[in-house]
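Engineer: What TrEMBL records for 1-20 is signal peptide. Among the features that TrEMBL reports, heme c 1 binding site is placed at His65, Cys79, Cys82, His83. TrEMBL lists His100, Cys119, Cys122, His123 with the feature heme c 2 binding site.
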Amino acid sequence: MKGYLFLSLPALIVVTGVVAQEQMATFRQGTPLHENATPPAIAKVNNSDLRQTRNYPEQPPLIPHKIDGYQIDVHVNQCLQCHSRAATEVSQAPMVSITHFMNRENQFLTSITPRRYFCNQCHVTQGQVRELVGNQFIDVDTVLDIARQPQDGGD
């Protein structure tokens, strides 16, 4: 009896694992855990060069163009070829904000502070994708407009 129990225990563990795997809810959309899912296609990036409205105060501006292949590392920041103080007259790109020249002691430097050097820490491109989650966000200007409208008193 002891031997039978000893031999049936591994079989029970394997069967339980298979059943659990089939019932496990994942984000893999039906792809079994032991297989690699086909990744979705990479979304196209907005490439209009038009500034986009910020959705909330202090939001870093979105990058309105492709940055594929841009070199942004310790040696080179390719964004500065257009957005540096010296280049904006020719490129007509917006200059890097003056806050990017301020160090942590609030002193202004002659060049971009190292903590703001890597643009894509805060600034991102906008992909042409469908919303994955419903969004009912209302920006502050819309909220203020609604608040200014006269209320229907009904009296």
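For all residues, glycine too, the Cβ spot is worked out from N, Cα and C.
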Engineer: If we count other C-beta atoms within 10 Å, could you say which of the binding-site residues His83, His123 has the fewest?
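Structural biologist: His123, out of the binding-site residues His83, His123, has the fewest neighbouring Cβ atoms within 10 Å.
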Engineer: By CA-CA distance, flag whichever of His100, Cys122, His123 among the binding-site residues is nearest to His65 (heme c 1 binding site).
Structural biologist: His123
Engineer: Using DSSP and collapsing to three states, where does His100 (heme c 2 binding site) fall: helix, strand or coil?
Structural biologist: helix
Engineer: For His100 (heme c 2 binding site), just count the other CB atoms lying within 10 A of its CB, please.
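Structural biologist: If we count other Cβ atoms within 10 Å of His100 (heme c 2 binding site), we arrive at 17.
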Engineer: Check the Cα distances from Cys79 (heme c 1 binding site) to each of the binding-site residues Cys119, Cys122, His123 and keep only the ones within 10 Å.
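Structural biologist: Close binding-site residues: Cys119.
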Engineer: Determine the minimum-neighbour residue: among Cys82, Cys119, Cys122, listed as binding-site residues, which Cβ has the fewest other Cβ atoms within 10 angstroms?
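Structural biologist: If we count Cβ atoms within 10 Å for the binding-site residues Cys82, Cys119, Cys122, the smallest count is at Cys122.
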Engineer: In Å, rounded, how far does the Cα of His83 (heme c 1 binding site) sit from the Cα of His123 (heme c 2 binding site)?
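Structural biologist: If we compare the Cα positions of His83 (heme c 1 binding site) and His123 (heme c 2 binding site), the gap is 13 Å.
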Engineer: Around the heme c 1 site (His65, Cys79, Cys82, His83), what further same-chain residues have their C-beta within 8 angstroms of the site's C-beta centre?
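Structural biologist: Here the non-site neighbours turn out to be Ile63, Gln78, Leu80, Gln81, Ser91, Ala93.
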Engineer: Near the Cβ of His65 (heme c 1 binding site), how many other Cβ atoms are there if near means within 10 Å?
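Structural biologist: Summing over all protein chains shown, His65 (heme c 1 binding site) has 16 other Cβ atoms within 10 Å.
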Engineer: Name them in sequence order: residues not among His100, Cys119, Cys122, His123 whose Cβ is within 8 Å of the mean position of the Cβ atoms defining the heme c 2 site.
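Structural biologist: Near the heme c 2 site, the remaining chain residues are Pro60, Cys79, Val96, Arg116, Phe118, Asn120, Gln121.
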